[in-house]
Structures are given as C-alpha cells and as structure tokens.
Amino acid sequence: KKRQCCVQNSVGTMTVFLDVKDEHEVVPLIPAENLREFLRTADSLSNQKKKIRKFYQRQNDAIHGFLDMSDHQKNVKDGKSSVPVSSQEIRRVIMISFGANVVLLVLKVVAAIWSLSLALIASAVDSFLDLLSGSILFYTERAGKSRDPYKYPQGKSRMEPIGIIVFAAMMGMASLQLMNESIQYIVAGFTSDSVYHLNMTALPITAFSLTLVCKLGLYLYCRSVLKSHPDSEIVRALMQDHRNDMFSNVLGFAVALFAANAPDFWYFDPIGGILLAMCIFVTWISTALEQIGNLIGVSAPAEFIGQLTYLAASHHPKISRVDKVLAYHFGTRYLCEIDIVLPPDLPLKIAHNIGEALEIEIEALYEVERAFVHLDFESTHKPEHKLPGM
C-alpha cells in the first residue's frame, strides 16, 4: 500500500507519496540540500500568470522555511543556539525611549501651554501616555524574567502582552476624553463668542520641530532592532508608538499652525484634536485585540506549523510518522505539541532520547516558549486528550 507524508504550509498541502509496506517502515525524507532543486527563480516566473507566479513564490517561501529548520538542526547539534541574546538590546531600547519621552513631554507641555492649541494639548497628552507606556513595558519586561518555580511554574512571560493590553486600554480612554473636550470646544465656539486665539510663536514651533526629529530617530532605531528581534512585542509596540507619534505631531502641528494664521478657521484646531484622538484610539484598540488573541491561544501561522512538521519528520531516521503538530500562542511565543510514531519494539531508552532531543531542538527556536513531544507506536488511536471545552 501507499502512505502519504503531508506537510501543511502556506501553499496548501505538500504531499509526497512513499511506497511503504508497513506503517513503521522508515523512509527518509528528501535531503535538505536537494530541496533547493524545487526553488523557482524570478526569471522563470516572470512570464507566468499572476496566480501561478504567486503559487510558486509561496512554495519558495515554504522551502526556504524548511531549509532554515535544517540549518537550525545543525546549529543545535553543534552546540550553537539559534536564540538571539536580545535582553540587553531590548532593555536599551526601552530606556532610550523612556528618556526621550521625558524630554519630549516637557517640550510639548511648554508648547501646548504657550500656544493654547487643543491639537497640541492632545499631542502632549499622547506623550504623557508614552511615558506611562514605557514604565509599564519596563516593569513587565523585568517581571517576565523573574522566576518562581513554585508559584509560577510556567514562568511569567505572559506579563508582556498583559502590559500592552493595559496600556492600550489607557490610550483608548484618554482618546475618548480628548474627543469629548474637542467637541465641547467646537460647540462653545459656534454658540458663543468665546473662541481662543492661538499663540503659535517661535517657541512652540521650535519645540515641535525638535519633537518630530527625535521621534523619527527613535522610530528608525526601533525598526532596526526589530529586524534582528522580530518576535519582541515590546520593541514592536514602541516602534508603533513612535510612528504614530510622528503622524500625530505632524497633524497637530499643521492644524494648529493653520488655525493660528487663519482665525476664521479656528475650528480646525479642535477638529485636528478629534482626528488625532481617533487615530490613537483605533491603533491601540487593534493592538489590544491582537494581544488578547495571543493570551487566548490563537494558532501559529500555517507556515510555522509546516516548518515544525519538517523539523520533526527529519529529526531522526527512526521516526516513521509525524501524527500531530499543534502550535499556538502562549503569550508572545508559541507552545508546541507534537506526536511522533516510533517502532513498537524500540527500547525505551532510545525512544526517550529521540523525543527529548526533539524537544530541545524545538525549544531552541526563538519563537517557542515550550514544546511537548508525545511518543507513540501507532497512529490509528483516538485522541489522547479530551477536546477543549468538553
């Protein structure tokens, strides 16, 4: 009979038919170096239809992912860790952002008080919340590293997404309050003659120009760090915050300057405050929803599950089948469950060593928080665990 060896990835299901007489007959996978033969070059795809070109591009991405797993296996066997040492760099990002936000908050408060602009006041409130967010993220980063094996046997890595959710809730409430104040300002301006005249002199203009330059530098710095540590939610949150600050500062500065030089259009200033508050609200609510999904346990992307499947199938020649592969968020990283099938007459010592070595390989991946490998001698049984919610 024929058995199928399936690897689920972003393309769909990659199926390789193997001539196998018995379920426990061991058939080696295609060697990693031979996978390169299936890669399609950009020149060969240039004349293809869009759907075909997209299919092979995704297939190339899947093969590159398998090759990365093969390189990872070699690194683990050679004693080289695939996990980047990032704690010091991440701490440096947090401290630099925190210090810069303190200085920028002072500049914005002075400019907002001097100009009497609601848009600039909204921007100053945003900077205060940036300062608060830096404090929360710094605390959660430290709390996540401290370990108490008796009280928190699984560690406290989920403190990071919880901190981001708390901060996002604060940003949302502050944004709603800013919108309320701006609407009241517009209503009062049209129903009475109590319209404030903005004072956009050299002081607020200079302060906000310095703010824009600093925020651009902080954004570029965080983006460069995120390239080397793509799974750091702290750095990603700070980068998003600096990016949003650039847009909000430009918006607030532009409407305040326009309203100051065109008194008949005084209402542009509170409208700018409303738009700024709405942008902050939408951005951080979406961030909170993403982190809530991570805490609940949303599944890892199909590409990553396919890479785990390849890693398990190519781990040891005695593995005849990969029965189940699960990977889902456990905070910012993944918890993995993998079932492998070994020969029924394999000694316990050898079977244990195979499973333990596979766990070590998987947990050496930076994206993985914890891995559990289940050893079995057949794959026709019912699921070992009850279904969630039952």
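Using N, Cα and C of the backbone, Cβ positions are placed for all residues, glycine too.
Now, the feature entries from TrEMBL:
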type	residues	note
TRANSMEM	93-114	transmembrane segment
DOMAIN	94-295	domain 'Cation efflux protein transmembrane'
TRANSMEM	120-140	transmembrane segment
TRANSMEM	161-180	transmembrane segment
TRANSMEM	200-222	transmembrane segment
TRANSMEM	243-260	transmembrane segment
DOMAIN	305-376	domain 'Cation efflux protein cytoplasmic'
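Residues 115, 117, 119-120, 122-123, 126-127, 130, 197-200, 204-205, 208, 211-212, 215-216, 219, 266-269, 271-273, 275-276, 279-280, 283 of the same chain lie 6 or more positions beyond the ends of the transmembrane segment (243-260) yet place their CB under 8 Å from a CB of it. Looking only at the domain 'Cation efflux protein cytoplasmic' (305-376), the predicted model's pLDDT averages out at 90. Same-chain neighbours of the transmembrane segment (93-114): 120-121, 123-124, 127-128, 130-131, 134-135, 137-138, 141, 199, 201, 203-204, 207-208, 210-211, 214-215, 218, 221-222, 225, 234-235, 238, 241-242, counting only residues six or more beyond its ends whose CB sits under 8 Å from a CB of the stretch.
Mapped onto DSSP classes, the domain 'Cation efflux protein cytoplasmic' (305-376) shows 25 helix, 28 strand, 19 coil.
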